[in-house]
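> Please see the structure below; I have some questions.
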Amino acid sequence: MADGNWTGISDFILMSFSSLPTKIQSLLFLVFLFIYLVTLMGNSLIILVTLADPMLHSPMYFFLRNLSFLEIGFNLVIVPKMLRTLLVQDTTISFLGCATQMYFFFFFGVAECFLLATMAYDRYVAICSPLHYPVLMNQRTCTKLAVASWFPGFPVATVQTTWLFSFPFCATNKVNHFFCDSPPVLKLVCADTALFEIYAIVGTILVVMIPCLLILCSYSRIAAAILKIPSARGKRKAFSTCSSHLLVVSLFYVSSSLTYFRPKSNNSPESKKLLSLSYTVVTPMLNPIIYSLRNNEVKNALSRTFCRALGLKNHPS
């Protein structure tokens with residue numbers, strides 16, 4: 001490409017929801033601020049309670065604590081800048097800031113895919129091999145599984161972000177999104193991106209489908225085990241430990257797959273923004289609720305923790 005068709009870019013402009021009226025943007029700011037605060041408080045509370053209460057020192061809550069750490073990081077990467085854009089119309093983000101945001105977005109996104117698969121495996125062992133569960137899911141094994149879930153985010157984020165930001169960009173620097181995501185940034189590139197797009201599609205298949213297949217495999221075994229339970233009460237109890245996980249998995253995988261399987265798809269930018277909101281803003285808020293806050297063990301642990309903090313006598317569980 002001729003030199004006259006390319007210019008260096010020192011910053012980007014996030015279009016966010018600029019097409020909406022100011023009053024609507026102000027309303028969105030209040031809604032997203034509320035969701036953001038609930039997300040931070042809910043996930044922080046889960047971390048503190050699962051650490052403080054000995055009754056929750058089990059593999060299930062160990063992985064849930066990892067998920068809460070991940071969701072907090074996910075939110076801190078995206079939501080503060082989005083709130084600032086909605087409040088004071090500060091739409092500018094530096095070149096390095098955009099690359100950093102994209103890097104950690106990919107890191108946390110990939111880690112969540114594999115962590116959800118690990119949590120499915122934990123439920124599989126708990127339901128299908130309850131007598132061997134304490135031995136199979138000991139602390140050392142849980143730590144290894146957690147590390148294995150977090151690690152893939154590093155190479156994926158490093159390769160994708162470094163490769164994308166090594167391309168030359170056109171004169172326009174307007175990113176039609178509320179954060180620096182790969183598809184809208186890719187549209188600003190003034191070079192042949194065919195190889196990168198192939199990598200993006202293959203990478204998405206590997207990152208999304210491999211954990212998804214592991215989850216499906218785990219739950220097929222779980223379903224077979226639940227059907228063998230003679231009592232209806234036993235079946236309901238076993239299924240209740242998995243229903244929350246299945247709900248979050250469905251929301252996360254469906255929305256992320258629709259967004260990332262085709263980096264330059266013909267879908268409208270507005271529809272992609274809505275899909276992105278579902279797994280970047282809404283799901284992190286719902287996770288502590290649907291995973292834990294309706295869980296009797298967590299409710300009792302919260303009660304005991306608050307009673308200890310206030311110097312009161314513990315309520316019976």
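Placement of Cβ uses the backbone N, Cα and C atoms for every residue, glycine included.
TrEMBL lists these features:
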TRANSMEM  27-51  transmembrane segment
DOMAIN    42-291  domain 'G-protein coupled receptors family 1 profile'
TRANSMEM  63-83  transmembrane segment
TRANSMEM  103-124  transmembrane segment
TRANSMEM  145-165  transmembrane segment
TRANSMEM  198-217  transmembrane segment
TRANSMEM  238-254  transmembrane segment
TRANSMEM  274-293  transmembrane segment
> Sequence-remote contacts (6 or more beyond its ends) of the transmembrane segment (145-165), Cβ cut-off under 8 Å?
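Sequence-distant neighbours of the transmembrane segment (145-165): 62-63, 66, 95, 98-99, 102-111, 114-115, 117-118, 121-122, 182, 185-186, 189, 196, 199-200, 203, 207.
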> Take the C-beta pairs under 8 A between the transmembrane segment (103-124) and each of 27-51, 198-217, 238-254, 274-293. Which stretch has the highest count?
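The stretch I would name here is 198-217.
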> Can you work out which residues elsewhere in the same chain, 6+ from the ends of the transmembrane segment (274-293), have a Cβ less than 8 Å from its Cβ atoms?
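Residues 32, 35-36, 38-39, 42-43, 45-46, 64, 67-68, 71-72, 74-75, 78-79, 105, 177-179, 181, 244-245, 247-248, 251-252, 255-256, 258-259, 299.
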